[in-house]
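Read through the structure below, which is laid out as structure tokens, and then see the notes.
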Amino acid sequence: GCVEVPRITSVPPAPPQRPERAQRAWIHPTPKSQSQLGQRWGSAPCPAGARCLGLLCSPRPRPLQNLLLLLGTLLSCGLGGSAQGPGEWTPWGSWTLCSSSCGRGVSVRSRRCIRFPGEEPCSGDSHEYRVCQLPDCSPGAVPFRDLQCALYNGRPVLGTQETYQWVPFHGAPNQCDLNCLADGQAFYHSFGRVLDGTPCSPGAQGLCVAGRCLSAGCDGVLGSGALEDRCGRCGGTNDTCLFVQRVFRDAGAFAGYWNVTLIPVGARHIRVVQRSRNHLALMGGDGRYVLNGNWAVSPPGTYEAAGTQVVYTRAAGLEETLQAAGPTTRDLLLQAQAQVLGWALRQPQPREVEPLPAQSLEASAARSPTRAPEPCPPCPDTRGRAHRLLHYCGSDFVFQARVLGSHRQAQEIRYEVRILLIYKNRSPLRTREYVWAAGPCPCPPLAPHREYLLAVRRLVSPDGTQDRLLLPHAGYARPWSPAEDSRARLVARRCPV
């Protein structure tokens with residue numbers, strides 16, 4: 001009889017003969033050997049018109065096919081019983097529908113391994129999962145994990161008749177187990193695995209699949225580990241784009257905006273570093289500045305430009321950086337806002353004064369005894385929205401500045417300040433400026449090493465020999481704070497054009 005193939009899980013050992021005779025007996029079993037196989041493994045006689053060949057029932061071949069059948073039997077059984085290598089996968093099936101009805105979920109496709117007796121299992125996975133993205137869930141939608149825990153509400157668990165209301169518990173070791181906390185109790189219970197497509201934890205990018213937390217590669221397949229190269233190509237080797245690096249050195253001698261480079265469409269991984277007293281400026285393809293334009297210095301932060309986010313940072317010193325992941329959807333023009341080239345600090349025009357004779361000085365000193373300076377009267381109150389609106393809209397410059405020092409000259413005080421942030425300006429400002437306050441008792445006084453929000457005016461003498469920034473008496477000089485920053489930006493929108 002011929003052995004029934006479905007009942008065989010392994011090849012029976014060959015009889016204790018020489019290898020050549022054992023091999024011939026395996027290919028052409030004798031009635032005696034068939035009887036022995038039938039007693040040990042179970043067999044059945046072949047139907048009429050068929051013969052037993054290689055332990056399989058096959059139609060009786062014609063003489064011309066004997067050689068081919070013999071060769072096929074040798075290949076199917078294996079020479080010497082050795083393995084034939086791994087099997088082969090069928091083509092991938094279609095992707096299933098998304099596991100979620102809104103938001104993120106997973107879809108799966110599968111394939112089968114086809115292998116003959118003696119072949120090794122196929123290498124690889126039989127299932128593949130990818131992320132599917134549907135429209136966002138409504139604000140009042142119940143999270144997927146909450147729904148799974150709620151399925152056990154009112155059902156007895158733990159071998160008792162007690163019932164509980166269950167809510168998700170995220171403090172257990174395995175994030176992909178359905179760990180639910182009994183509402184109002186001090187214990188949680190695991191109800192097995194969560195359904196595929198459940199987020200590993202609130203706000204996480206990973207999704208649970210077959211009890212494992214997997215993250216999607218750039219190809220969208222969970223657990224693939226595929227990464228995007230510097231050119232933006234998934235699984236690439238950085239050979240489809242050109243890396244450009246340049247150092248810009250200004251070649252002019254006047255203040256203004258200098259073109260540094262054109263950032264083209266499709267640029268990625270952009271990084272610009274500036275270590276000078278100038279400022280970086282970025283202009284969009286429509287001619288409008290994204291940051292640091294029109295002689296104003298923008299605050300550090302994130303800006304939208306050309307389809308990407310540009311992160312602008314400014315350190316306490318002179319260093320500025322621009323970074324953007326890209327890709328850019330439009331051209332961007334990178335500029336340098338040169339404020340110091342060919343410029344000097346505003347200072348009083350030196351005047352020639354004829355020296356007085358020594359006798360006159362002595363006589364003057366004798367007639368004018370020294371007196372202790374009178375205390376300064378309190379400054380008027382300058383707080384309030386109306387006062388802020390008056391000075392902001394009527395001033396030439398509004399900026400945030402740090403006071404570096406002060407110097408008294410006759411009946412004036414000159415403050416040296418560092419400009420940190422410009423809210424309003426009608427002409428270029430340097431990083432360092434002089435701000436003048438008239439009178440021996442300026443109001444309000446500015447303390448050194450403090451930061452203020454100042455509203456000042458520009459004063460130019462008729463002959464053009466003096467050009468000053470003047471802080472009016474009882475003007476607007478408030479200690480800078482985030483709240484004061486918000487008030488200034490609000491006032492700026494209310495000034496008449």
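For all residues, glycine too, the Cβ spot is worked out from N, Cα and C.
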Region 'Disordered' range according to TrEMBL, out of 24-44, 108-128, 360-380: 360-380
Bond partner of Cys102 - disulfide, per TrEMBL - picked from Cys52, Cys57, Cys137, Cys149: Cys137
Second cysteine of the disulfide that TrEMBL assigns to Cys98, among Cys77, Cys132: Cys132
Nearest of the disulfide-bonded residues (Cys98, Cys113, Cys122) to Cys137 (disulfide bond) - Cα to Cα: Cys98
Helix, strand and coil counts within the domain 'NTR' (376-495) (DSSP): 21 helix, 52 strand, 47 coil
Rounded to the nearest Å - Cα separation of Cys132 (disulfide bond) and Cys102 (disulfide bond): 10
For Cys113 (disulfide bond): intrachain residues, at least 6 apart, with Cβ closer than 8 Å: Gly87, Glu88, Trp89, Thr90, Pro121, Cys122, Ser126
